[in-house]
Amino acid sequence: MFYFWSISFSISILAQLSLALKTSFNIFRPNQPLDFLESKYGSFSEELRIKMLDQAREMFYFGYDNYMKHAFPKDELNPILCTGRGPDYENPSNININDILGDYCLTLVDTLDTLAIVGNATEFQRAVSLVVETVDFDKDNVVQVFEANIRIIGALLSAHLLIEDEEQPFGDVRPSWYEGQLLQLAHDLAVRLLPAFEDTPTGIPQPRVNLRHGIPKNISNTETCPAGAGSLLLEMGLLSRLLGDPVYEGYARTAIRALWKVRAKSTGLLGNVIDAMSGEWIGNLSGLGAGLDSFYEYLLKSYIMFGETEDYAMFHEAYQNIKQHLRRGRSQCNNGEGDHPLFVNVDMNTGAVLSTWIDSLQAAFAGIQVLDGDIEEAICSHALYYLIWKRHGVLPERWNWKSLAADVKFYPLRPELIESTYILYQATKSPFYLHVGRDILESLNHFTRTECGYATVHNVFDMSLEDRMESFFLSETAKYLYLLFDVDNHVNKNFDKFVFSTEGHIFPVNAAFRSKPWVKEPSPPLKPLSYYNISEPVCNSVDQEKKYFLPLKSKYLLQIGKILSIEGM
């Protein structure tokens with residue numbers, strides 16, 4: 001149960017609500033004036049939008065230019081010392097660094113499609129040239145399969161597809177000399193990851209490989225998670241279909257099916273840690289954050305990309321089980337009484353609450369709910385995380401809903417809340433989400449901007465910083481902020497024609513990717529969703545009132561604000 005009632009009401013918020021009523025003309029509620037929150041969040045001027053767009057653009061270039069000046073060809077930027085960061089060769093067991101950094105110009109590779117999206121075709125071409133000239137995967141480095149897949153392979157495929165797009169909607173991004181070099185690099189790296197799939201009896205890939213030698217012989221840890229082992233299909237599926245080689249997609253699908261097969265029989269839930277070699281669960285926590293988040297995301301996005309009904313059938317069943325066992329609070333987001341809805345962490349076998357914290361990665365789930373058409377639930381999921389951000393100035397890595405305080409206090413510039421804000425704006429066009437984006441952008445500039453970039457917040461209570469700017473800041477955080485305010489961007493005008501990977505890379509939704517070029521004979525038709533006893537997903541209609549006032553009604557937004565003692569909202 002929630003313990004929200006332990007926090008005293010904020011009288012100042014109620015006072016503002018009652019005193020700041022306006023009598024503006026209201027076509028939806030003609031006899032009811034706008035309240036304080038509706039007046040504050042119900043409009044966003046064009047002048048302010050353009051100002052925020054300029055700031056988002058400047059944020060991206062400040063991070064990117066400093067990386068290129070002080071860090072390239074290293075993997076990451078240290079924005080305080082203005083230096084580059086690569087693998088920790090002195091301490092091979094430092095997986096916090098070595099899982100991600102492989103000495104392959106990570107930040108530049110990860111940022112390629114952002115350069116196209118912000119409209120810099122010239123720099124995109126230069127960056128592609130630098131990647132082709134500099135990146136080499138023949139390294140004696142141990143990296144995490146999941147991170148190499150989403151950050152490097154995904155980035156290379158996205159940039160390759162942008163170059164090969166005959167319409168060139170982001171400007172002339174195709175270098176005159178280009179002959180598929182980025183696809184070749186993606187293929188090279190994928191081959192180096194294959195031992196993780198080949199050397200396991202369960203079909204669940206081992207978590208790490210040595211880029212030169214395969215499975216590390218001196219590493220006995222074979223623990224992985226559904227997010228790490230089961231979030232490979234979007235990139236591996238695209239690679240297979242571009243190459244005409246089923247191997248990569250086949251391994252990724254085998255991993256998903258292996259994880260799905262061992263879900264709890266009693267609840268249908270998955271745990272958060274599993275042994276790749278034995279297939280036994282090691283961690284039985286089931287939630288929507290770290291260890292599980294992108295597993296659910298890729299079931300849905302793979303269905304959108306490839307049209308395989310099996311993928312949506314798994315997502316649909318998983319989401320039903322999630323709502324049955326993880327959801328707490330009032331039954332409807334915008335109606336009724338009770339605690340604000342929240343998805344908690346539970347025991348995968350019993351559904352009993354297992355911890356009283358949620359983590360920042362879960363903030364992305366609202367975007368997944370939007371893509372599945374569950375708009376009302378997405379609005380509720382997002383609102384809580386936004387007000388936690390307002391309470392602290394950034395989003396702590398873990399937040400305890402019982403003590404109403406940060407459990408894990410750092411914030412590494414994560415994009416998840418910005419991502420769901422952007423997707424909800426695309427779904428509702430409510431100016432509320434532009435205000436959210438403005439708050440986030442201004443917080444990042446105020447708290448995390450340093451001499452040479454943007455730094456990780458070490459502690460949300462004193463806003464002390466750590467000297468690290470992870471690659472996802474440019475590939476996701478800055479990208480989603482830019483897209484939120486760039487209403488005329490090609491991506492936004494064709495939002496239904498792109499899928500964003502879990503690392504924020506854009507992939508075109510193309511009928512060509514719904515066929516398997518390695519299948520020469522006509523393949524049997526896919527089983528319809530009715531075979532799985534489910535109907536086609538349908539997007540909930542968005543109430544017109546939500547486009548002009550608040551997606552979440554004022555009283556429910558105030559409810560969270562009072563709980564978190566946020567003055568003035």
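Cβ coordinates come from backbone N, Cα and C, glycine included.
Here TrEMBL flags 1-20 as signal peptide.
Annotation comment: TrEMBL describes Glu147 (among others) as active site, proton donor. Sequence-distant contacts of Glu147 (active site, proton donor), defined as residues of its own chain at least six apart whose C-beta falls under 8 angstroms from its C-beta, comprise Asp99, Ile100.
Cβ neighbours within 10 Å of Asp293 (active site), excluding its own Cβ and spanning all shown chains: 24. Under the heading active site, TrEMBL lists Asp293 (among others).
The annotation active site, proton donor is assigned in TrEMBL to Glu397 (among others). Counting only same-chain residues six or more apart in sequence, the Cβ atoms lying under 8 angstroms from the Cβ of Glu397 (active site, proton donor) belong to Asp359, Ser360, Ala406, Val408, Lys409, Phe410, Tyr411, Pro412.
Glu416 (active site) is surrounded by 25 other CB atoms, counting those within 10 A of its CB over all protein chains shown. Annotated active site per TrEMBL: Glu416 (among others), in sequence order.
Look at TrEMBL and you will find Thr502 tagged as Ca(2+) binding site. Long-range C-beta contacts of Thr502 (Ca(2+) binding site), restricted to its own chain and to partners at least six residues apart, with a cutoff below 8 Å, comprise Ile150, Ser231, Leu234, Asp293, Ser294, Glu297, Tyr298.
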